[in-house]
Amino acid sequence: MTLHAYLGRAGTGKSTKMLTEIKQKMKADPLGDPIILIAPTQSTFQLEQAFVNDPELNGSLRTEVLHFERLSHRIFQEVGSYSEQKLSKAATEMMIYNIVQEQQKYLKLYQSQAKYYGFSEKLTEQIQDFKKYAVTPEHLEHFIADKNMQTRTKNKLEDIALIYREFEQRIQNEFITGEDSLQYFIDCMPKSEWLKRADIYIDGFHNFSTIEYLIIKGLIKYAKSVTIILTTDGNHDQFSLFRKPSEVLRHIEEIANELNISIERQYFNQLYRFNNQDLKHLEQEFDALQINRVACQGHINILESATMREEINEIARRIIVDIRDKQLRYQDIAILYRDESYAYLFDSILPLYNIPYNIDTKRSMTHHPVMEMIRSLIEVIQSNWQVNPMLRLLKTDVLTASYLKSAYLVDLLENFVLERGIYGKRWLDDELFNVEHFSKMGRKGHKLTEDERNTFEQVVKLKKDVIDKILHFEKQMSQAETVKDFATAFYESMEYFELPNQLMTERDELDLNGNHEKAEEIDQIWNGLIQILDDLVLVFGDEPMSMERFLEVFDIGLEQLEFVMIPQTLDQVSIGTMDLAKVDNKQHVYLVGMNDGTMPQPVTASSLITDEEKKYFEQQANVELSPTSDILQMDEAFVCYVAMTRAKGDVTFSYSLMGSSGDDKEISPFLNQIQSLFNQLEITNIPQYHEVNPLSLMQHAKQTKITLFEALRAWLYDEIVADSWLDAYQVIRDSDHLNQGLDYLMSALTFDNETVKLGETLSKDLYGKEINASVSRFEGYQQCPFKHYASHGLKLNERTKYELQNFDLGDIFHSVLKYISERINGDFKQLDLKKIRQLTNEALEEILPKVQFNLLNSSAYYRYLSRRIGAIVETTLSALKYQGTYSKFMPKHFETSFRRKPRTNDELIAQTLTTTQGIPINIRGQIDRIDTYTKNDTSFVNIIDYKSSEGSATLDLTKVYYGMQMQMMTYMDIVLQNKQRLGLTDIVKPGGLLYFHVHEPRIKFKSWSDIDEDKLEQDLIKKFKLSGLVNADQTVIDALDIRLEPKFTSDIVPVGLNKDGSLSKRGSQVADEATIYKFIQHNKENFIETASNIMDGHTEVAPLKYKQKLPCAFCSYQSVCHVDGMIDSKRYRTVDETINPIEAIQNININDEFGGEQ
């Protein structure tokens, strides 16, 4: 047995010497003694290619490239393997999770964490870590006996030891872990004749675990020769750049001493890898104590980008330059990263530049539709059919793939489910899921067309098919008793779903279409699923288990599944992490994300055992564990060194100033260190570089057109743009090869969000030959014509959800107050506290079950909200009693509807208006409350409108003047037109147009001592003071509040008197009768003007800006109109807000509808 060590810094030819040596042996004797090259898993393919691609090698059976586990299998083939079944990673984790659940009550520190999935994963990692470093449960138990140990540490180790011991007992004589198989491999080494004849080479490692050192020791002892290659200068200083590989060398020296053999060291000092002085100097001086600055020759670049996306776009452009101008191949280029956020950017950006690439990382299968379907199916059963997992299950399209437009059908089903609050076993209620119920979805009174009916029938059928499958699955699983039964039931359910046939069909189609990677994913998904089921049967077999526990354990197994994708082509860019990727001798290496916090990366302890506990363990038990955080932090410079020395020709470092979440980022201190090694190595700011060199952006045809669009848009906004972009536009426009899609991009340049004015015929088709509308519809048009067009022309509806909306709350208050008002005939004065509570309870019991399919009884939160609503109603009734006590006006009519043709005698007649086109305008609506007061054969009427929102409980006469607030004037006009139907006298005059704010009042106090309990209720009631406009007629003023006298301001209506008895300007909101009539008549003209504009086909995106606010803030149609402040601000409509509306209305002549003058 001989031991060789090839030692040297990066690029000094160590691996080349090894490969040359192996190849010479292969050429000299192709059938000679075995040669084994041991390398990390990530390097084996690359090293195999080095032999396969050598034209001088005509094939050989001598050499094998293996990692430690594959080497153990090779020995087992010769001497015989272990009799136990080997546990996969998933099987190990499932077993440990089940043990944790069984032993939970015995845990001391981790009892509360045991129920979480992540805990068993951490515990599995810790046990595997112990096994790698040859720590047994006995080691832990011996260590726990230390009386000086902290209680928390003692409890922690006792918990881990308990699970570890139980795990070892479960697998004893029946199963074996990957770590244990390596120990068995060590035991088998003396029996292997093949190993005794072998020359062993170990390359690509920078550190080893205890079990791996034991393997190396066995190889040295039993193999013919062992050669280990290490990237180190041999310096054992713990603060040296090469601390980590030097630590390996120290361990190898200890092994050699134990075996009483010497190490034949060969030092490599001459640099061979690097093609230029820049990279040689970078490698030699990176760890130098005294800096020797030299001129940079341009083979090292540092790029600064504003964002990570801009950074990767620039890398993609530079790769294209490498291929086109430097004649590199994609396989000559590598990208190394550390921040996981970059992986998504590679997938989203590199395909845009048609750059082939392979990311050397394993991807979890959990997000694949098939896996999402299975996990959602499990959650449906676990959660008793809750809506979220059900919808996730449906949206995977795995169980609904046989339906045409299945995604659209599922969307409709989702709308219905969210509107009706379907959950639990309500999914099984066929009465809920019928076509008639679907017809009412979001559109009251709508009659289904034949096509709509057929679509909804398909939705119902799809839902029934999926439910039948879930019920079959649930039934099969509920009949199982053992794990084997459950696994069998699960597999049979998948066959019942026809999942195997469906997946194989999809795989074949993908293969035929050349999408081999996606096809491979499907194969791995199915094989992985079967493997988990096999593991469950292997580990648990006929062990009894509850369905709930089985589904938990099964889900744990699914979490472990990962895609292992083989590169689809040899000529592609290699992408990997700086820590794990094995890329050597690339012509150009890009190191992206070189930011502080990423390189170096703060290393924090993520295992259950803390750094302090590791150190204590090593000191007391003399057992080495995995490196602590401070040791790993010292090795960050080595990680950077290894990454940047992978290139032969060029190295490009890049970083961004903003992270993926918008946070500020700083440059890596390593880049500052690198920059200090060279003169004239400047950081290239990418935006500034492109501004000076616009041609550098023109590397890829499609992406150039997108950048061209941005440049031309800037040019149109009078920004300075390089002439190169105008020249580029002409070249692209005149080229048949390049101009595809250019017209579409150019049309976006002149896009100004202009809508099309509807023609007369189309307007009538959309809106009808007469307009039947509520007041709010006209107010909506005044807010924005497009809003009206979207809601009443296109009839777009928001998805209705099973939750209480603001308008639902308003409807509840209206209905409750109507119910109570009718019960007491509007005589609020008669109410006492007992009566208020009785009537409130009656009203709520009658009305709340009708709200949103009994929504307010669906959960504890909504039942609490119901009580809050009751409290608000009780306070409101107290306020109404207070107001009624001091007013001569009596509430007479409640929730009074009006329309052109009344349906009952209680409804009022609304006079028809006519647009300028001759289209009838029929206004309909409902007046909350009409109060009347009669004196001297003259009836005065108050319009009372209940509002649950404070913002809408104010009458703004400027808005009234401009037609933005039309409700109150319309209601008063309707009442004045219907004196006979309302039972009023021949002479009827307006009293007040008033808003009543239904709310829960709040009063602020500076301290508890300021609260006067006797006055508190009175103060709360005064918060309900009516707001609006009152007729200045003295009869009306006196009747509104009988307490009015000089120097008194009413707390129930907006009226106050001065010392001389005149109306106070500050405390009164009044207008004379003639002015109110003018407002009413002007309001009619606003109706006519608005309706005429509607029928003229106006659909402009033109919101009306009032008091610096836009209606867009609360508009549901922004995603449709795409309103943009930069593009559409010129279309914002405004009004003169400085006018005095009363003076303005008095100064204009208003014609009544018969052409006379009022």
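Cβ atoms here come from the backbone N, Cα and C positions, even for glycine.
Noted in Swiss-Prot for the protein shown:
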type    : residues                             : note
BINDING : G8, R9, A10, G11, T12, G13, K14, S15 : ATP binding site
BINDING : C784, C1112, C1115, C1121            : [4Fe-4S] cluster binding site
DOMAIN  : 1-275                                : domain 'UvrD-like helicase ATP-binding'
DOMAIN  : 269-583                              : domain 'UvrD-like helicase C-terminal'
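Projection of Swiss-Prot feature records onto the structure.
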{"residue": "G8", "record": "ATP binding site", "Cβ contacts under 8 Å, 6 or more apart": "K14, T231, T232, D233, Y267, F268, N269"}
{"residue": "R9", "record": "ATP binding site", "Cβ contacts under 8 Å, 6 or more apart": "T231, T232, D233, F242, F268, N269, L271, E283, Q284"}
{"residue": "A10", "record": "ATP binding site", "Cβ contacts under 8 Å, 6 or more apart": "T231, R273, E283, Y641, V642, T645"}
{"residue": "G11", "record": "ATP binding site", "Cβ contacts under 8 Å, 6 or more apart": "L271, Y272, R273, F274, L279, E283, T645"}
{"residue": "T12", "record": "ATP binding site", "Cβ contacts under 8 Å, 6 or more apart": "F268, N269, Q270, L271, Y272, R273"}
{"residue": "S15", "record": "ATP binding site", "Cβ contacts under 8 Å, 6 or more apart": "D203, G204, I229, D584"}
{"residue": "C784", "record": "[4Fe-4S] cluster binding site", "Cβ contacts under 8 Å, 6 or more apart": "V1101, A1102, P1103, L1104, P1111, C1112, C1115, C1121"}
Listed in sequence order, residues not in C784, C1112, C1115, C1121 with Cβ within 8 Å of the centre of the [4Fe-4S] cluster site Cβ atoms: Q783, F786, K787, V1101, P1103, L1110, P1111, Y1117, Q1118, V1123
For the ATP site built from G8, R9, A10, G11, T12, G13, K14, S15, further residues of that chain with CB within 8 A of the site's CB center: T231, F268, L271, Y272, R273
Same chain, 6+ residues apart, C-beta under 8 Å of the C-beta of G13 (ATP binding site), given in sequence order: F268, Q270, Y272, R273
Lowest local Cβ density among C1112, C1121, which the record lists as binding-site residues, within 10 Å: C1112
Neighbour count (Cβ, 10 Å) for C1115 ([4Fe-4S] cluster binding site): 20
Cβ atoms near K14 (ATP binding site) (within 10 Å, other residues, all chains): 23
Reduced DSSP assignment, G13 (ATP binding site): coil
